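Have a look at the structure below before the remarks.
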Amino acid sequence: MGKLVAETMEIGLIITAIVVIVFDVTMWCYTSTIRGYQFTTFVGARIGDILGMFVLYSMPVIVLTIIATAYLAIKQQYPSDLRASWFRRFCRLLWTRPLVVNEFLGVLNGFDLLVILSTIFVVLWMVLNELLPQLRSLHGNPMAGLLKWKPIGVVLGRVAVLPISLLLIPVSRSSPILRAIDIPFEQAVKYHIWLGHLTMAMLLGHVSIFIGIFAYKHHMVKLVTWPPTGVSYLAGLIAFVAGSLMWITALPLIRRRFFNAFYYTHQLYILFFAFLVYHVGVTTAGYYIGGVFLYLLDRFFRVHQSRKKMLISSAKILSNDVVELKIPKLPSMEHSALSFIFINIPSISPLEWHPFSVASSPLDETAITLYVKPFGITSWTQHLHTLVTRSTKKNGSGCPFAQKFSMEGPYGHESNFFLRYKTLLLVAGGIGITPFLAMISDILHRYEAAHTYLPQHVHFTWIVPTSADLHILQQLAPTSIFPQLQSSNLTIVVDVYVTRDNAIRPEFEPSLSVARNSADVEPSLVETMSIRHNLHMACLILGTVLISITLFAILQHHALKRQKNGFGEKIPSWIQASLFFCSLAIGIGGMGGFLITCWSKTFRYKRNSSASVVSNETEFQLQENVLYQPHQFPGCDDLELGARTLCHQSYTTLRKGRPILSEVLDAVLERYTNENVGVLASGPESLQRDVANMCRNHSSNNYATAQILNYHSVTVARATRTRMMLICAARQHNNVAGFRTVTQALYDRGQITSSSSVFSAGKSWQNLGVIYPAWCRDTVSGYSRGYTTKDQPDSADDVTGAVKTTTSSGDIGEEMHVDTWVRDELEEPEGGPEPGVKEKAKQAMGAFGEKIKDAGKAITDSTDNETVEKVGETVKGAGDTVREKGSNKTSLGKEDVVTS
């Protein structure tokens, strides 16, 4: 009975949400018409201008948020069947079917295209409805050429309010709307980027037109004046400057090279929205204050959440330098298997927050496990590695690694969507394995708990640079979680592709471990106020909204409605706006702070009642990995330690080189026919695009078949940030050796997976060429052009022409052309290429290998830094490999070039 009532309420909430969305879209389209303007004026005259605009345009967003919170609460209490009806499966295709895949837009599904087309339609509708009548009225006027620009500028400014109202919703990490449709924060950011570009483009046109009009009329003084009432052009100019700084630093080229500038400049959003209100008055703020209000409430919640200081209970450095962190938690803490958290360690940097995927299952009631891969010599992650290394060398009593940290989250997918697929194909690059470890662990825990509707076939393809990276697989022992694995219907197959060294199962060095060893240093159990406590979130939103609305009403009655002070003068606009901000601050900070304090005390009470039960159990399990304890399961006692880890050959197969993803997919589809396959990608952006493109091609070529590939991106780490760190490190070399070294590193780390991604990397280097000598710039340019010759040649002249083009810019161009030629498996034209072309390319590879070796020796001899010396040795080894492949082989094959 309860299940039936819950389903009825769920349907009712969905219908109500649809009605609210239709009403909101209709109001935005209607407001640009004459009748719409009359209607909003009528509502404003009855309840006040601010409240009128707020109710008509911002309240729908608030109501939709509350509906989403209620929906999540019902789903949490009565989870729906993962193998749902055909209608729900059809709707899910909007999120899981890649439709557009390219480097500029990334991977777009049906929902993305729906958002883009809907926004463009409403914006064009508003622009044309407001602009065309005004332009018609100027028909026949001899000054129309000049006069028409002012209405264009006004309309651009008015319509820009629409994307502004939506701008902050995608970056509200705890947004119930995004959680209800299961779009995690890291994937919703792209909507913020698109809306930001649209907003600033329209504001650029708005500001440019008015500056041009003022310059023509010699009224430029208006730009630096602030009248008591009416429009303040100075405030608008300040808002535009703040927005432009955020816009410029958010461009990919600048964001990747100067990420800190991008991050700190984005804090100017406060100035942007504040002076936007000062510019046009508080009435216009009613259009977009809903999204701003929810974002400010989210930020306030996160600040309160991160105030709690906790201790990392244990840390470990694996053979591949990956740092494992364990954080104790309360069993009541809720999160999905594909969650991530933001970590701040003040001893490293008090301002930097970094996201990391949770590598442990939510059913693990004792700890949260994180894996951190250090990148860059001076990066935050490298500082963490150094901190743990130094802690292992300390002796004596006390806690050797008592590092306090703050945490935000967990965030991520609301549901464990991967459980709905019978077959899973997981593709990861490098440290992108982290969320998949949590997935596999969660599936095993659910099998042990006898859950139903679980995946039966898990195929995991992992691309790593060295065999030492396999050490992370030893941290997961499937049979320790689910002893009956061998006799169950669950199969786990792991294919590891090693791109740099030989695919030989290594002997791992002992891990450097640090754990608390003093009873007087007790790490705080994670008791963070989770966004999954939906009733608390609903009370928080409702309480702050009601207080804010009440203050709006008081403000409207006592200040704005009377419009005059005791001397009979109009109240200045800036005072009205300041009072408006005070009401927001009291509503969010006052009422929100009170509700969060009550919430926090409730958690503290529950913690005190349960911590004594779990602390003794946690203390032992965190100091020694529970997965390595001796088996107590019948039939498993004869297994060796290695057989109980995911690294063992019973699960994992090592291969040399890079995988051909289409062949991997075909093997899975051939084995499991007529099944919907969940394809999940985690790692660099280029890898995700390749996997998404593979799924799109399959869906396009097999549209009528029953077998569907459902693509999901689950990564948190940004490949762009990793690439930025590598490029910045290479700039220290200030020569082409640094360029070649880092290019190889990008390839090994999975940043380079196709000709298009290599061309993009080459263009980035070409843009950076201003810091290099001219001959180095030419080499970089040749590198970029070499990778554009990826189309299949039609004749021998095409092959020769491509070689000549790249040869003119240096030997690296020749080598890169051969790489492209062989990797794309271009067929030789009839009659073969001109004599000597292949031999010339082989000789170039040999010479290139010698130069790489010399560069590595120079790097090693010129420094005492251990990390740089290691890079030098790696470069020398790469030089030997390339030289041998180019000079000693009688012919070049695809594996030879990819291996080099």
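Counting starts with 1 at the first residue shown.
The backbone N, Cα and C atoms fix where each Cβ goes, and this holds for glycine too.
According to TrEMBL, the protein carries these features:
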COMPBIAS  881-900  compositional bias 'Basic and acidic residues'
DOMAIN    298-417  domain 'FAD-binding FR-type'
REGION    787-810  region 'Disordered'
REGION    853-900  region 'Disordered'
TRANSMEM  12-30  transmembrane segment
TRANSMEM  50-74  transmembrane segment
TRANSMEM  104-128  transmembrane segment
TRANSMEM  152-172  transmembrane segment
TRANSMEM  193-216  transmembrane segment
TRANSMEM  231-254  transmembrane segment
TRANSMEM  261-279  transmembrane segment
TRANSMEM  535-555  transmembrane segment
TRANSMEM  575-599  transmembrane segment
Tally the residues of the domain 'FAD-binding FR-type' (298-417) by DSSP class, grouping H, G and I as helix, E and B as strand, and everything else as coil. 23 helix, 39 strand, 58 coil
Across the whole of the domain 'FAD-binding FR-type' (298-417), what does the mean pLDDT come to? Round it, please. 79
Cβ under 8 Å, sequence separation of at least 6 from the ends of the transmembrane segment (12-30): give me the contacting residues as numbers and ranges. 36, 39, 56-57, 60-61, 63-64, 67-68, 70-71, 74, 118, 122, 125-126, 129, 162
Would you kindly check 50-74, 193-216, 535-555 and say which stretch has the most C-beta pairs under 8 angstroms to the transmembrane segment (104-128)? 193-216
Which range out of 50-74, 193-216, 261-279 gives the transmembrane segment (535-555) the most CB pairs under 8 Å? 50-74
Could you pull out which residues elsewhere in the chain have a CB under 8 Å from any CB of the transmembrane segment (261-279), counting only those six or more residues past its ends? 164, 168, 231-233, 235-236, 238-239, 242-243, 245-246, 249-250, 254-255, 285, 292, 573-574, 577, 580-581
